[in-house]
Ligand code: IPE
Ligand code: IPE
Ligand code: MG
């Protein structure tokens, strides 16, 4: 098999297992979330070193509001704290920060921090760091559909003109490449309403490692697994190999 020994352009991660990490240590769950922030720093560094273009991290799902009120408010505080403390460093490292999700549900102060962080880093040309906060894949498809429905209502579009690429244009981060590699830590094998549309052809990788224990070596294992996969996008393996050979001989 021809190996596509490649680095993914876009890696999307469900950072799961913080609560169990803390529980194992008889610590409050928030201690796990704090330790998780440290892992975010490490993985951002790895992505920059590896030349990965986009890293998307699932920080808070639209379903996470169902958690105990105290955990939700501590998570909001942690998010604000991280934005206040990290943005300068991210900016210094030429990283562009983007937040996806229904942000109007957040306290005004947090919304202002998000706006400021995005504005401050918008012209950076290095890694794009996307944080999914109050994000749900179903919400994303719904908001894109609503937008198109408005356009039809205003006579700017006919239903016949709606196709996959038009809908995709109105999803979150439509201007970025779709995720090549999806990683979920913490042992669960599910998507939990993360990117639904955008993961259609993404390579999936699950690991039992809890997010606070996930490190550069663990990330490298995921990248190595990705590099051994043959992405066929509906074609046969032979077709993919022939294409790769043709590309190589044209070099
Ligand atoms: C993921 O870790 C972080 C968030 C959802 C904010 P969890 O908090 O879900 O950790 P577990 O699954 O309980 O171990
Ligand atoms: C998914 O993790 C959301 C984030 C990592 C932010 P959860 O731990 O909330 O997922 P479920 O509900 O167990 O599937
Ligand atoms: Mg969890």
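Cβ coordinates are placed from backbone N, Cα and C, and glycine is handled just like the others.
The following features are taken from TrEMBL:
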ACT_SITE  16  active site
ACT_SITE  64  active site, proton acceptor
BINDING   16, 203  Mg(2+) binding site
BINDING   17-21, 29, 33, 61-63, 65, 67, 184, 190-192  substrate binding site
Looking only at 21, 65, the binding-site residues on record, which one has the least crowded Cβ, with the fewest other Cβ atoms within 10 Å?
65
Near residue 16 (active site), meaning Cα within 10 Å, which of 62, 64, 184 (recorded positions)?
184
Return only the integer: C-alpha distance in Å from residue 19 (substrate binding site) to residue 203 (Mg(2+) binding site).
26
Could you tell me which of the binding-site residues 62, 65, 184, 191, 203 have their C-beta within a distance under 6 angstroms of some atom of ligand 1?
none
Measuring Cβ to any atom of ligand 3 with a strict under-6 Å cutoff, which of the recorded positions 16, 62, 64, 184 qualify?
16
Which state, by DSSP, holds residue 33 (substrate binding site): helix, strand or coil?
helix
I'd like to know which of the recorded positions listed (16, 17, 21, 33, 65, 184) lie near ligand 2, counting only a CB under 6 Å away.
16
Which listed residue (16, 203) has most other Cβ within 10 Å, given these are recorded positions:
16
Non-local Cβ contacts of the residue listed as 'active site, proton acceptor' (under 8 Å, 6 or more apart, same chain)?
72, 75
